[in-house]
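For reference, TrEMBL has these:
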type	residues	note
TRANSMEM	38-59	transmembrane segment
TRANSMEM	71-89	transmembrane segment
TRANSMEM	101-122	transmembrane segment
TRANSMEM	128-146	transmembrane segment
TRANSMEM	158-176	transmembrane segment
TRANSMEM	182-199	transmembrane segment
TRANSMEM	219-243	transmembrane segment
Amino acid sequence: MSNHFQYGDETGVYTDAEADKNFDFDDQSIRKGFIRKVYLILMVQLLITFGFVSVFTFSKGTQEWVQKNPYLVWIALVVLIVTMISMACCESVRRKTPLNFIFLFLFTIAESFLLGMVAGQYEANEVLMAVGITAAVSLGLTIFALQTKWDFTMCGGVLVACLVVFIIFGIIAIFIPGQVIGLVYASLGALLFSVYLVYDTQLMLGGNHKYSISPEEYIFAALNLYLDIVNIFMYILTIIGLARS
């Protein structure tokens, strides 16, 4: 689930604020409306996701039913991959209403189902602790992104490189099982996606940052923030589970 959308400037998603001072996203009313829309979509996504997490965590019957119907996992994986690739590669899918909302909804349902299955393997108190920590971390990082003078939007290339290294490390870790390497991997994952959350928040905010996101890409913006938070939750949950084992 450690996927993260990245696009180059040729897609029109990112805009260099210094190269285009007249870009309409600098208009305060447009930017505020864009931010409100992004956070509204994000809140709906998170409510759906943690609703699934709650059902799988507190309803053992649901877990048993899914285990008896493993084809549901494969369906969710196919839906997740198809919708993710479609939104990543097709601008019309991301921008055309209501098609963009349909794809986003299907992606969110599939991701929520799979995350719920993962959460169901942990104790309820561990899941609740992970939710609380994730909420606190996400809020703190969002406030930091709003207040800091550091411009994280210029770090896109570095973050992509770190993500590639992290994925390679994860593949290696599969063949070297153990609690220590698991804790290291999960800790690095939580840290990486925490930085990504700051990066994506600043891209959405625009303003004085070097790069910003096009106001037409509200689905893209909400999806990246959603993936950041979901990945932070997943890695924090992993850390808690390994620390208590």
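Cβ from N, Cα, C; glycine included.
Stretch with the most C-beta contacts under 8 angstroms to the transmembrane segment (182-199), considering only 38-59, 71-89, 101-122, 158-176, 219-243: 219-243.
By the Cβ criterion (distance under 8 Å, sequence gap of 6 or more), the transmembrane segment (128-146) is not counted as touching the transmembrane segment (71-89), fewer than 3 such pairs being found. Between the transmembrane segment (101-122) and the listed ranges 38-59, 158-176, 219-243, the one holding the most Cβ pairs under 8 Å is 38-59.
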